[in-house]
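Visitor: Pulled these features from TrEMBL for this protein:
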REGION    A:1-24  region 'Disordered'
TRANSMEM  A:41-61  transmembrane segment
TRANSMEM  A:73-93  transmembrane segment
TRANSMEM  A:122-140  transmembrane segment
TRANSMEM  A:152-171  transmembrane segment
TRANSMEM  A:191-212  transmembrane segment
TRANSMEM  A:233-251  transmembrane segment
TRANSMEM  A:257-275  transmembrane segment
TRANSMEM  A:303-327  transmembrane segment
TRANSMEM  A:339-355  transmembrane segment
TRANSMEM  A:362-381  transmembrane segment
TRANSMEM  A:387-406  transmembrane segment
Amino acid sequence: MTRPAAAPDLPAAGPPGERRAAPGPRRALAAASARLRGGDLGIAPVVAGLVVIWTVMQLLNPIFLSSANLTNLALESVPVGVIALGVVCVLLVGQIDLSVGSVSGLSAAVLAVLFVDRGLPAWAAVSAALLLAVAIGWFYAQVHNRLGVPSFVVTLAGLLGFLGLQLWILGSKGSINLPFDSGLVTFAQLHFVPPWLAYTMVAAGALALYATGHARASERRRAGLPAPSWRTPAVRSLALLLGLGTAVWYLNRDRGVGWMFVLFLALVFALHYLLTRTRFGKAMYAVGGNAEAARRAGIDVKAVLTAAFVLCTTLAATGGILAASRLAAANQSSGGGDVNLNAIAAAVIGGTSLFGGRGSAFAALLGVLVIQSISSGLTLLNLDSAYRFMVTGAVLLLAVALDSAARRSRAAHGRA
Amino acid sequence: MSSVPVPVPVPAPPPRPGRGGPLLSLRGISKSFGAVAALTDVSLDVAAGQVLALVGDNGAGKSTLVKVLSGVHPPDFGTIVFGSRTVTVPSPAAARQLGIATVFQDLALCENLNVVENLYLGRELRGLRLDDVTMEVTSRALLDELSATIPSVRLPVAALSGGQRQTVAIARSLLGDPKVIILDEPTAALGVAQTAEVLNLIERLRERGLGVIMVSHSMAEVKAVADTVAVLRLGRNNGVFDASDATASELVAAITGATDNVVSRRAGRPAAVPPETAVPPPPAGADPDRSPRS
């Protein structure tokens, strides 16, 4: 139980760039491996899992890694991925939202009714659906904050209630088709980034990564803080350029990169910035880690919870709108079936802790790629949803088991 | 308790080693919760550069007094003079604004965040594009100033020992540049070495010219670092002692309200522990789960 015995090896276990530590790739590698052994797994397991899944699926069916299938896979991932982004937000503050599927289905129904039946312009219908979602998130937060009802129960009620509302709004027809020539449908189905623009965006992204990395490193060096070496930002930027460049080239052999996927990436980056570089983001991690400490530090915990719930339901509605656009229809099963559980599973598989205070926006991206890869691969093998559910369930169990094991290991290494 | 209470409600003498007059003066503070009078007519003075130990048995009103000062429970009656002004402390934020920082016993740190993030929690620089370089430089400088033994400010708090966490909590309260710092049982859950570390830290706070109010149960620690000892008993002042003159048995007598008490009887037994180390049992409120983490 005594700390001093373990204290001497702390510096070695710390992040790269300790005080007075010589920076360098070997040092960074050693620090990374120490972090892994200490139970700070980060995105390593999900990336490894993705590689395994892709390898197995490719061996079973050579079409899996074809440009055409990957283009589809990217587009299919977006609706659930956007919903998973919202789930990351509530999980981070130590809450849960079980109603993301129902809320996404409800907003799809609202969109379709207003846009098709009432003839409102697309922007108005989308805004109305999003506003309704904001109101739902606000309502959850009020019930949770004021009455102290656990979010599990509030959102379970929401799951049922808003599914009912969705069915009621859709009426006896039960299904509304969106016109194929509408902007929503063409955006989700037909709009791809022209190759020159895709390459330009990749180059701009790599350049921006280098510029910010270089600027931060020099700022830290000027301030006398440990900083990564001059090479690090360049190496990272080059890796991004080559990796994304290859991906874009490969997808461009088919239809290319869908604008919808670009929208998803933009949302991921926006949420990542919000979580890591703003006061609000730190408040979310603090509330998830120790709500009482956050309150004493002057953070308005209830406001943070409200924001997290509103972010979640709004992103769920966005996912629902994108799903309806991609399907060109809203029906009684919109947001039903496995959408709910896939979104939550994606966030958890990507490395967001169910215990709060741990996770990142990239968890949603990586997690949804895992889930959609399983789904796409099994569909290519003509295996129906029975197998899909079983495999996804196994992967989810594996991910949570890994999270729990990592948590124990962190506790053993004093990093709980 | 059959013995006669010791009637020593002494008016607070002028603080001895302090620089100048009292920085913070409480006069006639009373606080009731329903029918329970937690504090009755309590007076207290602390000067800049003075360590005032606040001692008393469980239920003596120490915690209530700390909460009055930190703005958690505003007092029913009485005046608080801070500097030369009479002030009210209606909320924790108001206390911080005045320059009264409180480190509560449970520290209130977020274990999933690193040291810098904890120090600046809720008051990060540049909210929309965090200035982590300045925050890290300031944190490091502050911890170095306190001679803290924290290996890296980018370690999560979960990786720190109990003493290091106490240091982080104290450093956090110093960021607001307070005049008075209140430590609620800073060593209650710590081991021997970590306790010494925290006591050193308290001495450095005194050197910085802060007024320090330390709630403690350990007579040895009180004698080791405090300049003045104020005793509370049943919600009332029960004597103010000079820490260098008072003996532990005098303090225990004032705390228990009896010269013949369980502690002195224990001390009188053959083969009993010497009075210097006779320490009352830990407070009932101390959570046994909060032992120093490994």
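Yeah, the Cβs are placed from backbone N, Cα and C, and that goes for glycine too.
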Visitor: Does the transmembrane segment (A:191-212) reach the transmembrane segment (A:257-275), going by 3 or more CB pairs under 8 Å (6 or more apart in sequence)?
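Guide: Between the transmembrane segment (A:257-275) and the transmembrane segment (A:191-212), which are separate recorded stretches, there is contact, as judged by 3 or more close Cβ pairs.
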Visitor: Before we move on, state whether the transmembrane segment (A:73-93) and the transmembrane segment (A:257-275) share at least 3 Cβ pairs under 8 Å, counting only pairs 6 or more apart in sequence.
Guide: yes
Visitor: Using a Cβ cut-off of under 8 Å, list the residues of the same chain at least 6 residues beyond the transmembrane segment (A:152-171) that approach it.
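Guide: That would be 96-99, 101-103, 105-106, 108-110, 112-113, 136, 140, 143-144, 330-332, 334-336, 340.
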Visitor: Looking only at the recorded stretches A:41-61, A:122-140, A:233-251, A:257-275, A:362-381, which one has the largest tally of CB-CB distances under 8 Å to the transmembrane segment (A:387-406)?
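Guide: Stretch with maximum Cβ contacts: A:362-381.
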Visitor: With an 8 Å cut-off on Cβ pairs and a sequence gap of 6 or more, do the transmembrane segment (A:41-61) and the transmembrane segment (A:303-327) reach 3 or more such pairs?
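Guide: Answer no, regions not in contact.
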Visitor: Would you say the transmembrane segment (A:122-140) and the transmembrane segment (A:362-381) are in contact under the rule of three or more C-beta pairs closer than 8 Å, pairs 6 or more apart in sequence?
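Guide: Output no: the transmembrane segment (A:362-381) is apart from the transmembrane segment (A:122-140).
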